[in-house]
Amino acid sequence: MLTWLTQFSPHFQPLNLFRYITFRTGGATATALFFVFFFGPRIIAALRIKQGKGQPIRLDGPQSHLLTKKGTPTMGGLMILSGLIVSTLLWANLRNHYVWVVLFVTTGFGLIGFYDDYLKVSKQSHKGFPGRIRLLLEVGIAGAACYAMMLLGTPHTTSLAFPAINGFAVDLGLFFLVVGPFVIVSAGNAVNLTDGLDGLAIVPVMIAAGTFGVIAYLAGNAIFSTYLGINFVPGAGELSVVTGAVIGAGLGFLWFNAPPAQIFMGDTGSLALGGLLGAVAVAVKHEIVLAIVGGLFVLETLSVIVQVISFKLTGRRVFKMAPIHHHFEQLGWSEPQVVVRFWIIAFVLALIGLSTLKLR
């Protein structure tokens, strides 16, 4: 929105700063951070009153959680999403269709997560939105977003690029409408599965957002993309502003979500943020790199899949508990140990993901 101020730059030179993506990304980060800082306590207080008993704690989870997390309100994703959306609308170029597509996915997934959280809190049960209906809605939203990208994007919007291989990509054609939604829906649910400990999901989300902010900036620049041998995606650089808003809102939320958490992000936040990461990855044509950068989310998801398949086929569990962060809790790791070590893994994976830009 603030980009319109650039038309007055001939009369006041500093307004020319609003032309630069890097400046607006910093502004989006700061705005989202202060928004969540300011409104966070008010939102937490309101949710605590509305929810009463807070998020129901699973009886089949770690027993310590029944004591340490009981009564904590959920739906903290409202803090993140409100800060993220307000900041994006303020600092991004609203004529950029990628911004609107990503916000569409984020808001849509956030609404699904919100309804899921509402059902869990109102019924005081871990059973929320019926899985099949929820998945169908996610696929519908992701499919609509990918279709919009096809209509508004470039000729290589439907291509799938492979990291570390210069210029090699496969044109998916209409199959893009299968692969794209799969990436977005998978990312949303993977982050959702990871959100099981105080601060565990939000920091890896911020790390991934920062990484894809860099990738979006490079992919949206004709000179940098040509030099690196990656697809040039006109307008993709504007998504750096969105990822900057994610980082700012995430930092603000972490202030209240640090152990012991005053609030949980719930499905409202985790599903929306995961969907956002997936949508950005699809938009900038680095879907496979997302699996590297978000490798922690992939690991959490695979641990659940392996656990379910193993138990159904053999009656035995591979892990003491799934997702895998609970497995390490059962091994005797304290919650802060699990969280910080997983943060380290996420940071290392982000560095590996970024390195693929030069390994070509």
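Using the three backbone atoms N, Cα and C, a Cβ is placed for every residue, glycine included.
Copied from Swiss-Prot, the annotated features are:
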type: TRANSMEM; residues: 27-47; note: transmembrane segment
type: TRANSMEM; residues: 74-94; note: transmembrane segment
type: TRANSMEM; residues: 99-119; note: transmembrane segment
type: TRANSMEM; residues: 135-155; note: transmembrane segment
type: TRANSMEM; residues: 165-185; note: transmembrane segment
type: TRANSMEM; residues: 199-219; note: transmembrane segment
type: TRANSMEM; residues: 236-256; note: transmembrane segment
type: TRANSMEM; residues: 263-283; note: transmembrane segment
type: TRANSMEM; residues: 288-308; note: transmembrane segment
type: TRANSMEM; residues: 337-357; note: transmembrane segment
Quick test of the contact rule: Cβ under 8 Å, at least six residues beyond the ends. What residues does that give for the transmembrane segment (74-94)? 1-3, 24-25, 27-29, 31-33, 35-36, 39-40, 43-44, 47, 51, 54-55, 100, 103, 106-107, 110, 113-114, 117-118, 120-121, 202, 238, 241-242, 244-246, 248-250, 252-253, 256-257, 263-273
Interface present between the transmembrane segment (337-357) and the transmembrane segment (165-185) (three or more C-beta pairs under 8 A): no
Who are the chain neighbours of the transmembrane segment (263-283) in space, where the CB to CB distance is under 8 Å and they lie at least 6 residues beyond its ends? 43-44, 47, 55, 69, 72-81, 98, 101-102, 105-110, 112-114, 116-117, 128, 138, 141-142, 145-146, 149, 180, 183-192, 194-195, 201-202, 205, 208-209, 212, 216, 233, 236, 239, 242-243, 246, 250, 253, 256-257, 289-290, 294, 297
Which residues of the same chain, at least 6 past either end of the transmembrane segment (288-308), have a Cβ under 8 Å from a Cβ in it? 160-163, 183, 186-187, 189-191, 193-194, 204, 207-208, 211-212, 215, 274, 277-278, 281, 317-319, 322-325, 327, 342, 345-346, 349-350, 352-354, 356
Under 8 Å Cβ-Cβ from the transmembrane segment (99-119), and at least six residues away from its ends along the same chain, one finds 55, 74-75, 77-78, 81, 84-85, 88, 92-93, 125, 127-129, 134, 137-138, 141-142, 144-145, 148-149, 152, 184, 188, 192, 238-239, 241-242, 266-276, 278-280, 283
Quick check for me: are there 3+ Cβ pairs below 8 Å between the transmembrane segment (27-47) and the transmembrane segment (337-357), leaving out pairs under 6 residues apart? no
Which residues, given as numbers and ranges, are at least 6 beyond the ends of the transmembrane segment (199-219) yet have a Cβ under 8 Å from it? 21-22, 25, 80, 191, 225, 228, 230-233, 236-240, 243-244, 246-247, 250-251, 253-254, 257-259, 261, 265, 269-270, 273-274, 276-277, 280-281, 283-286, 289-290, 293-294, 296-297, 325, 338-339, 342-343, 346-347, 350, 353-354, 357
